[in-house]
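For 18-467, the entry in TrEMBL reads domain 'Aldehyde dehydrogenase'. Positions annotated as active site by TrEMBL: GLU247.
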Amino acid sequence: MTIETLALVSDYLRADGAIVVENPATGAVLGRIASHDADAVSAIIDKADAARIAWAQHSAQARSNLLRAWHGLILAHADDLARIITLESGKPLAEAKGEVAYGASYVEWFAEEGKRAYGETIPGFSPRSRILTIRQPIGTCAAITPWNFPLAMITRKVAPALAAGCSIVVKPAEATPLTALALEKLAHEAGIPADLFRVTATKSSSAIGALFCTHPLVRKLSFTGSTRVGQILMAQAAQQVTRLSLELGGNAPFIVFDDADLDAAVEGVLASKYRNAGQTCVCANRLLVQDGVHDAFVARLVARVGQLRMGDGMADGTTLGPLIDAREAARVAALVEDARTAGCAIKIGGTGSDGAFHPATIMTGVTQDMPIAQDEIFGPVAPVIRFTDEADAIRIANDTIYGLAAYLYSRDIGRVWRVMEALEYGMVAVNEGILSTETAPFGGVKQSGMGREGSSHGLADYMEIKYALMGGMAG
Ligand SMILES: NC(=O)c1ccc[n+]([C@@H]2O[C@H](COP(=O)([O-])OP(=O)(O)OC[C@H]3O[C@@H](n4cnc5c(N)ncnc54)[C@H](O)[C@@H]3O)[C@@H](O)[C@H]2O)c1
Ligand SMILES: O=C[C@H](O)CS(=O)(=O)O
């Protein structure tokens with residue numbers, strides 16, 4: 001099976017395309033696609049705005065029907081979408097299939113949420129008038145998405161935008177444009193107007209990002225990616241006061257108390273830390289383990305991590321794929337080497353990178369001041385930090401510029417509530433390693449961003465509230 005044989009993307013491939021898409025596992029060129037410059041993207045935005053007018057006049061049910069048709073096509077093509085995700089991002093095929101189902105769930109969810117854009121009536125200040133509010137689509141939107149979830153990070157934005165009555169132009173990561181283009185193709189096959197949702201692939205991310213922030217027709221930009229880029233976009237968005245949703249970096253603490261179920265905590269680490277080779281924004285980035293169970297927990301975790309099978313994501317049995325490229329793998333290896341030089345012990349892995357591959361690694365003796373504890377690792381490396389008591393755990397956990405996800409394992413209900421409330425994070429999972437679902441508000445605090453995606457809150461980010469004072473009531 002080659003990418004050319006996949007009908008979902010074959011129409012987009014160009015032998016002379018400026019964007020070269022590679023397989024992280026093998027380094028092989030998967031295909032080439034055209035790169036849009038600023039003029040081309042500006043024209044796409046103009047068409048998106050024109051298409052939005054009619055779309056906003058559809059009923060919520062009519063929009064819902066088309067979103068459901070898109071959802072059905074995504075599921076009908078799940079296997080090919082998963083292959084494309086694995087080929088261009090590297091993640092194991094089983095995880096890619098999971099991402100397709102997860103990403104599709106946002107389309108299904110917002111097909112219904114769009115019908116709940118409720119207004120309100122409010123008791124007035126005069127008998128001559130009445131007060132009401134209505135909710136209206138914010139307008140033409142733009143989105144910029146990362147490579148680590150090349151499908152789900154797009155549907156998590158496009159679905160609420162379309163459900164709300166908006167149009168949207170999406171710029172995917174340069175490394176993973178094919179999944180985005182396949183999604184676009186299926187949306188258009190479902191009957192979603194071609195100009196309403198368009199993917200624009202480009203080699204000029206910074207130029208297109210600046211255009212999204214300065215184009216007079218773009219009312220909102222939704223960004224998922226690093227905090228560094230999020231800060232750039234915030235500054236650029238100030239020019240037109242463009243509405244922003246920002247899903248940025250993370251540094252999740254994974255806290256294991258003395259009273260935790262250690263086997264459950266070990267499985268939670270496998271699910272949270274090593275999913276997508278540690279390249280998720282909600283990965284456990286630091287394992288905080290209470291003194292009383294430190295050695296027992298580390299021993300069990302080392303044994304379990306040793307069962308992971310690193311390899312090509314398309315190969316049967318692979319449970320740890322490559323990172324997105326060799327440069328990222330080398331960056332992670334350098335973080336490990338820095339910690340080793342500082343005196344940390346490598347309990348498993350830590351043998352350096354090999355192309356885009358980096359082994360699953362556990363390090364002990366880590367302290368909170370080290371770069372491997374302060375930086376977002378974005379790789380399959382688990383630094384273990386000891387702590388003494390609750391106050392110590394909370395202090396260490398909150399000692400970061402980020403505030404996206406946090407995890408804690410304890411069977412003491414009072415402790416669970418005390419620590420959950422004290423953690424400065426947008427999302428906290430208790431005795432579970434995976435918290436992402438379309439039904440819950442996904443997002444962070446501090447430098448992990450602003451806004452929420454999914455849940456009943458996710459639609460609001462694509463709508464405005466209008467207050468109307470209806471006067472002239474005097475008889
Ligand atoms: N909070 C979340 O939901 C979430 C989800 C996934 C990834 N992330 C974060 O994303 C990061 C990893 O993904 P990444 O390496 O693709 O991030 P990145 O910030 O380098 O790139 C993200 C997107 O921004 C584009 N981009 C890069 N520079 C830009 C610029 N100057 N202007 C406009 N766009 C620009 C890229 O082409 C890509 O499409 C991590 O920090 C991770 O935590 C966060
Ligand atoms: O990497 C960021 C994603 O949002 C992770 S998840 O797939 O939503 O858990």
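Glycine residues also receive a Cβ, built from the backbone N, Cα and C atoms like all the rest.
Note that TrEMBL annotation is computational and uncurated.
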GLU247 (active site): secondary structure state under DSSP, collapsed to three categories:
strand
Neighbour tally for the residue listed as 'active site', based on other Cβ positions within 10 Å of its Cβ:
27
Across the domain 'Aldehyde dehydrogenase' (18-467), average pLDDT on the 0 to 100 scale:
98
